[in-house]
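Just below is one structure, and these are the notes that go with it.
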Amino acid sequence: MTDQAEKKHSAFWGVMVIAGTVIGGGMFALPVDLAGAWFFWGAFILIIAWFSMLHSGLLLLEANLNYPVGSSFNTITKDLIGNTWNIISGITVAFVLYILTYAYISANGAIISETISMNLGYHANPRIVGICTAIFVASVLWISSLAASRITSLFLGLKIISFVIVFGSFFFLVDYSILRDATSSTAGTSYFPYIFMALPVCLASFGFHGNIPSLIICYGKRKDKLIKSVVFGSLLALVIYLFWLYCTMGNIPRESFKAIISSGGNVDSLVKSFLGTKQHGIIEFCLLVFSNLAVASSFFGVTLGLFDYLADLFKIDNSHGGRFKTVLLTFLPPALLYLIFPNGFIYGIGGAGLCATIWAVIIPAVLAIKARKKFPNQMFTVWGGNLIPAIVILFGITVILCWFGNVFNVLPKFG
């Protein structure tokens, strides 16, 4: 990429790619998983997760900038920490991105078919809808990564508009007695123990790391634009998440979340609880628009990261023929899995959590430490010396322990 090509892309697109990837269908799980900790402790642990994931992303960017444009996890890990860690990293990256691609194909099929049914009265087969959605996204990626980035930006913009319309009205209807849990039968109990069960979900809510190599392809080594993209994209996501928690936990009583959790904690349960409080036609419509766009923008972001990762892994060129091969590698495995197991959104998101902790938290910190030794005059170094990588690694270990604590029912669960 020439300097002229790099300069013409505004940092705005990078911010939208990061935020569009992060702010997706998974955000509907946040108020459900944070119901035990409730608003104030939930906001606290969400900010901790954002701080840690932001810096793990910057550490990954730091290591990546020492290598040629287009280099991905495979190239960097093999050079800095050896083939064994490269294999571990490769397995976790591929698993997370593939399983998320599968999950979003599943979610798109379910949400779009439900929207068609509610508005047109026509029952569309979710499998057909999901596959058609995958074909559309694959076609865009085949054209160019920049086209995918711009569509993600468009979806994010529309998503924010629908979000503001829906929750702007609920913002002014927040009941502070509900937000403080003052009227609940559990009022006055300890909320702190429930933050640990929510940590893995909070981590997954800031999973933008697969898009960093794609940003470098777009911007080259313009570190100012890259840093702005990561910082402001993740910060935008944090602000929207906090606003989202404020509106949900200020309108839906904490006790009501027990019923949502018992019904599986799916998107439709939370939306129905919202509509049950103050239902309006325009609000219902915008909720449907928002839920569709939330999943669609994350779908584009995740597949863009997987596409670039596979192109680097198999050294496939950027020609139309090469991009077509990469598209097939990106979409065929998750599409086939979706045809066999069409309803795996929640299982897919949950299964990706542990691996995401390894490759999106621990490995970036290790890569940055190794890169500082190998490239003492590198162009970008995250502030704080070795303290920041240490904090990030500690956060990752804590999340892993909490994940296993959830699996083996060691941690307290709400509902």
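Any Cβ shown, glycine's included, is placed from N, Cα and C.
Checked against Swiss-Prot, the domain name for Ala11 matches that for Asp317, so both face the same side of the membrane. Taking residue pairs at least 6 apart in sequence, the transmembrane segment (128-148) and the transmembrane segment (34-54) share fewer than three C-beta contacts under 8 angstroms. Residues of the same chain lying 6 or more positions beyond the ends of the topological domain 'Periplasmic' (409-415) and with a Cβ under 8 Å from any Cβ of it are 35-36, 193-194, 196-197, 257-258, 261-262, 402. If you look at the transmembrane segment (87-107) against the transmembrane segment (230-250), you find fewer than three C-beta pairs under 8 angstroms, all six or more positions apart, and that falls short of contact. Proximity of distant same-chain residues to the transmembrane segment (128-148), defined by a Cβ-Cβ separation under 8 Å and at least 6 residues beyond the stretch ends, is recorded for 9, 13, 105-106, 108-110, 112-113, 116, 214, 217-218, 296, 299-300, 303-304, 307-308, 320, 323-324, 327, 330-331, 334-335, 338-339, 342.
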